[in-house]
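The next block holds one structure in the form of structure tokens; read it before the comments.
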Amino acid sequence: MSFSPSNAGLSASMSALAGTIGNQRAGSFAQLGTTFLTRLPAAPLPAPHVVGFSAETAALLGFDSSIAQDPTFAEFFSGNTTRDWPAQALPYATVYSGHQFGVWAGQLGDGRALGLGEVEHDGTRLELQLKGGGRTPYSRMGDGRAVLRSSIREYLCSEAMHHLGIPTTRALCVIGSDQPVRREEVETAAVVTRVAPSFVRFGHFEHFYSNDRVDALRSLADHVIERFYPALKEADDPYLALLGEAVRSTADLMVEWQAVGFCHGVMNTDNMSILGLTIDYGPFGFMDAFDANYICNHSDNQGRYAYRMQPQIAYWNLFCLAQGLLPLFGGRYEESVRGERAVQDAQRVLEGFKERFAPALERRMREKLGLETAQPGDDQLANSLFEIMHANRADFTLTFRHLARLSKRDASGDAPVRDLFLDRAAFDTWAAGYRTRLAHETRDDASRAIAMNRVNPKFVLRNHLAETAIRKAKEKDFSEVERLAAVLRRPFDEQPENEAYAALPPDWASSLEVSCSS
Ligand code: AMP
Ligand code: MG
């Protein structure tokens, strides 16, 4: 597909960039056809301007970092030029279904996301999607828009998560506009360009299962296998093996989230990536004060998606995925026993979640505590730390970060972490146990600290940091968005010049509520 600058109103360099995005390549999601998606242009966005731009994500796509300065960049990534695209190459909204808050919700779909197509660069193919690009056939009661506030949060967090080493969709840019959008109050519209190898969700499979479209279900599974797990084609049961990959990648993702105190907020099955990526940033939050029952989404009255629930919910969601894939399982069995065997196989594969998650979390906790060897009781040591953190509402990020300063020998390095606990005696008791345990380690304090600082970030996207950047952006000052993004790209570095970004939240932050509306 190519765009002529005259009809699309793009500069020569933007036109060249647009020409690298294709949505008709063999093997691409878009090629699955009309059963899976509806093609339509984006809704016009008046006077679009660049709010944020990730040069890093641009580089992944082979885009030059200077492109954001192009006067037609915002025009293109607002979706405004898509009205000139030929019908067969228009952007597309995909159909999916899902379980929301544990209840079957029926058909959902991309209500405000439009796939532009994919870019192949350095041997990898990445899909681009405009989130907030306007109404689609799947918008239901929604307006198809996203607001500036939530778009900045998604942009900052997806880039931050990537640099924490956590699988996630990425963000190329945020494009803003003065177009009003009504939420709890009137805000303004924005479009985030998200980038990922695939945006396929558990809910895509559930959709075709619930509609009894086994042919479409198989095409979708074949697409994911072909693109991401081609080796599975040789497995006894490729579709069961695909479930196994989802179990593995989702379990690994839960380890990552739990280890940094990240709460997703809306772990509905339509917000779960088949590749185990963090996807759909809405009312997410990194915990400041540790509370195992922390709920970041104030619409989640039951606490279904509370911090401590996330791994269990992921497991529950995998059951939904397994059910969606069920008609594809058991191809190698005789017809008469196929159904029964397929269920048994699926149950066995799902069991793999626990086998993968628990030991991986234990390993990660040992790393976070700076323990090189595995000893009986390490589990208990980690759990009792979480218990006193919970009881004292100790800051999640700083507790682990400051722990690296503890000395093996004496309490000389305790103060920074100890001061996070109101109940100093409880901390001292725990620290004594920790020191006893450290005595069994050969590594010296300095090298232990270096290793710990590589797994315990100093900088995470605390709510109040995002809020500060958003408040300035609403005043048309986007400098804080980029400054914060730059800090979050080096979460494990000391960055003494950015100490303020690592500090405990200010008093005003405690009144911040993150709503589900985005
Ligand atoms: P979420 O839980 O935010 O991931 O969204 C659930 C469903 O609602 C998905 O199908 C979204 O595409 C859709 N949706 C969310 N917000 C909007 C909106 N403003 N306009 C249209 N659809 C939306
Ligand atoms: Mg969603």
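Quick reminder: no glycine exception, Cβ is built from N, Cα and C everywhere.
Around the Cβ of Asp143 (ATP binding site), a 10 Å sphere holds 16 further Cβ atoms from the protein chains shown. What TrEMBL records for Gly109, Gly111, Arg112, Lys131, Asp143, Gly144, Arg194, Arg201, Asp280 is ATP binding site.
According to TrEMBL, the feature active site, proton acceptor maps to Asp270. A simple way to gauge crowding: the CB of Asp270 (active site, proton acceptor) has 24 other CB atoms within 10 angstroms, across all the protein chains here.
Positions annotated as Mg(2+) binding site by TrEMBL: Asn271, Asp280. The Cβ of Asn271 (Mg(2+) binding site) lies under 8 Å from the Cβ of Gly98, Arg201, His264, Ile279, Asp280, Gly282, each of which sits 6+ residues away along the same chain.
Reported as a whole number, the C-alpha separation between Arg112 (ATP binding site) and Asp270 (active site, proton acceptor) equals 14 Å. A separation of roughly 19 Å, to the nearest angstrom, links the Cα atoms of Asp143 (ATP binding site) and Asp270 (active site, proton acceptor). In this entry, Gly109, Gly111, Arg112, Lys131, Asp143, Gly144, Arg194, Arg201, Asp280 make up the residues listed for ATP, with the farthest two CA atoms of the set 22 Å from each other. In this structure, the CA atom of Gly109 (ATP binding site) is 8 Å away from the CA atom of Asp270 (active site, proton acceptor). In the shown protein chains, 23 other C-beta atoms lie within 10 A of the C-beta of Asp280 (ATP binding site). Between the candidate binding-site residues, Arg112, Arg194, the densest Cβ environment within 10 Å is the one around Arg194.
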